[in-house]
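Per TrEMBL, the features are:
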ACT_SITE  TYR50  active site, proton donor
BINDING   HIS111  substrate binding site
DOMAIN    22-267  domain 'NADP-dependent oxidoreductase'
SITE      LYS79  site 'Lowers pKa of active site Tyr'
Amino acid sequence: MEPPVPLNDGTLFPWPAYGSGTALRDTDASTPVASAIRAGFRHIDCAQMYKNEASVGRGIASALEAGGLARDALYVTTKLLEVPPGRTAADTLRESLRLMGLECVDLFLVHEPVRHSDLRQAWREMEECKMLGLAKRIGVSNFRVQDLEEIATDGATVPVINQIEFHPYIYEASKPVLAYMHEHGILPTSYGGLTPLVRIKDGPLNPVLVEIADRLSTQAGQAVTEAQVLQLWMKKKGVPYTTTTSKPERLQEYLQVASLPGLSDADEQLIDTAGASAHHRFFCKWIDDGT
């Protein structure tokens with residue numbers, strides 16, 4: 001694990017997080033989640049949208065028992081999908097907690113602003129979740145500048161994080177929201193950071209990553225992968241990331257990034273330039289549509 005990052009409420013954010021979305025969505029995630037915890041991950045990121053909170057909870061319980069770990073050894077994040085008529089965000093979180101077998105989550109996020117016709121009301125209900133002790137802290141995901149501004153009313157809780165899709169192909173497009181978050185003390189965190197390696201295997205970024213990985217392998221005296229180079233890039237940008245894999249051998253690869261030498265400014269610039277030559281958003285494409 002990397003050194004934890006301070007949040008605007010004075011607490012620490014452990015990373016990288018192990019995510020239960022993508023390949024694990026709508027599946028029994030108990031074994032992958034337990035394997036991630038045994039490998040050394042201490043932050044589990046899930047969501048109501050992924051429809052696997054119950055199995056995530058089983059994986060957490062199994063790993064805690066097998067490792068002799070207390071609940072507070074883990075940081076658990078889940079996300080609000082939407083608020084059905086006649087219910088509240090707290091009602092949905094109570095159901096998530098029941099499914100996961102937990103008394104509270106460490107972090108509860110609004111997953112997508114576009115799912116809420118009254119975003120300020122949704123945020124007030126998130127504040128209630130914190131007040132009730134169902135979530136220790138609250139944040140958002142996939143929020144644009146206008147969404148963050150909409151919930152920034154007088155006296156409103158400032159989100160501790162905004163989890164966004166983040167990789168070199170959308171770094172340029174992300175600069176306005178990154179600047180807003182920096183100004184207001186909101187930590188940017190990443191999901192989908194390795195997606196370029198899977199979705200665009202012949203893109204302009206790939207040869208740059210291969211070149212840097214080869215160079216770092218020589219410097220480190222061990223094999224460095226293109227995935228690790230992307231994770232080093234996110235680390236240099238100051239953006240903690242969530243990563244997901246169903247392959248046990250990848251777990252240690254991702255955790256070993258913490259022991260690798262950091263990217264040079266020159267290598268960071270090479271990646272920035274390659275990423276800026278093409279724009280690819282793989283999730284929440286409505287962000288680019290401006291809707």
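Yeah, the Cβs are placed from backbone N, Cα and C, and that goes for glycine too.
These figures come from a predicted structure and were not determined experimentally.
The structure, with features from TrEMBL marked on it.
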residue: TYR50; record: active site, proton donor; CB count, 10 Å: 23
residue: LYS79; record: site 'Lowers pKa of active site Tyr'; CB count, 10 Å: 24
residue: HIS111; record: substrate binding site; CB count, 10 Å: 22
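Between LYS79 (site 'Lowers pKa of active site Tyr') and the residue listed as 'substrate binding site', the C-alpha separation comes to 5 Å. A separation of roughly 11 Å, to the nearest angstrom, links the Cα atoms of HIS111 (substrate binding site) and TYR50 (active site, proton donor). In three-state terms derived from DSSP, LYS79 (site 'Lowers pKa of active site Tyr') belongs to an extended strand segment. For the domain 'NADP-dependent oxidoreductase' (22-267), the mean pLDDT of the prediction comes to 97.
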